[in-house]
Amino acid sequence: MSKTLQAIRGMNDILPEQTPLWRYFEGTVAGLLDGYGYRQIRMPIVEFTDLFKRSIGEVTDIVEKEMYTFEDRNGDSLTLRPEGTAACVRAVLEHGLSGGGQVQKLWYMGPMFRHERPQKGRYRQFHQIGLEVFNLDGPDIDAELIVLTWRLWKLLGIRDAVTLELNSLGTSEARGRYREALVEFLTAHLDQIDEDSQRRLKTNPLRVLDTKHPETQAVLVNAPKLADYLDDESRVHFEGLKARLDAAGIPYVINPKLVRGLDYYSKTVFEWVTDKLGAQGTVCAGGRYDGLVEQMGGKPTPGVGFAMGIERLILLLETLEQVPESISRQVDVYLCAFGEQAELAGLTLAERLRDEVPGLRLMVNAGAGSFKSQFKKADKSGALHALILGDDELAQQVVGFKPLRGQGEQQNIAWSALADHLATCVVQG
Ligand code: ATP
Ligand code: MG
């Protein structure tokens, strides 16, 4: 017996009922980014495994246990991208986009893959919109990234539901000195921290700060603070960022434990979090990664970026009931035609209307049917108006124009006047 075919756990279909909200969200972000001069880049979904190991870091949740890695037919080890920064940097280097200190402001969007435990807001295939900026090292650009997300939250109507958390990780030298102090402290408390953290203490001690383990968290309360080890350069940078956020009126909280899951960050790190989604509360996260390009074989190139989780933001829009009503209607006008001649005329009329009324969403009845059945379909389509074309209308070169929502009588409109009529009543609708 064949098993029912099913999608892979944690990999979701986005059904037609949901796609209008996705398109609204993606369109809002794309429009916003156009307004800031960011340009879109599209990278492949599959890359050599090595790319992620080298950029994200071997001792991270992603590389240790979340990657979808497989062997290509020729024996290459390939991985479904778990995030976008690595591939974006690879593409920038491969095509020389950051050469000669060229500034690049890039964004991308698409599916990412991580083998995690699926739950609300956490999936195995999920979608991100990410931004990466190259060759700008000042806090002004860090601030711009935050300012534009702040504007996005307003556009989406979710500004009150998100909080900005900020931290600075310092330069790699400062982090090195802090790392030593942290290792010393944690080594003295070795028996009080969980096994994972004990292991990380040896491989990547800063990641211990990120632990979800309550006992280790309790130990960390008294651990040395990264802020006390910040170098002057990072401190000035961080102050510069905070001053700009203050000037822009963007509230934030400093979270000294914010270290981010990936190895490549330096100086600024930030997360936008919400308490409206339960445990999966981070909707957008990023930071500065001045060492990454060099680590990946390029010239020293400052970089800063972030990624937002589309699923979580969509959930937030739904939770806060910030789904604009207008996006649910996908058809403006539904054309019903009765009889072979009327159907033929309807086809040409519909094409003409599509030429003449930009943006018109016109659905033509397919599969014939009685008055009753066509009107039922017209109603179900969500259209505001039905156009009716039968033998009588055909003879007079008119259509019956019937409002489907609210008041208004059916009236006949000449074909020649129809485009103008639709342009006025559909756009307002
Ligand atoms: P988390 O701590 O929740 O695992 P992360 O630090 O692994 O997040 P990033 O790699 O920074 O996440 O990804 C940026 C954003 O992408 C997250 O803030 C989140 O909104 C989203 N995201 C990450 N992993 C998932 C997932 N498995 N499912 C849905 N969204 C995700
Ligand atoms: Mg994660």
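Yeah, the Cβs are placed from backbone N, Cα and C, and that goes for glycine too.
All annotation found in TrEMBL is predicted automatically rather than curated by experts.
What TrEMBL records for the L-histidine site is Glu83, Gly84, Thr85, Gln128, Glu132, Arg260, Tyr264, Tyr265, and among Arg73, Arg114, Arg117, Arg122 the residue it adds there is Arg114. For the recorded site, Thr85 (L-histidine binding site), the DSSP three-state label reads helix. Of all Cβ atoms in the protein chains displayed, 21 besides its own lie within 10 Å of the Cβ of Arg260 (L-histidine binding site). Counting other Cβ atoms within 10 Å of each Cβ, the binding-site residues Glu83, Thr85 show the lowest value at Glu83. Shown in sequence order, Glu83, Gly84, Met109, Gly110, Met112, Ala307, Met308, Gly309, Ile310 are the residues of the chain, 6+ apart in sequence, with a C-beta less than 8 angstroms from the C-beta of Gln128 (L-histidine binding site). The 6 Å Cβ screen around ligand 1 retains Glu83, Gln128 from the binding-site residues Glu83, Thr85, Gln128, Tyr265, ordered by sequence position. Within 10 Å of the Cβ of Tyr265 (L-histidine binding site) there are 25 other Cβ atoms, across all protein chains. DSSP assigns Arg260 (L-histidine binding site) to coil in the three-state reduction, outside any helix or strand.
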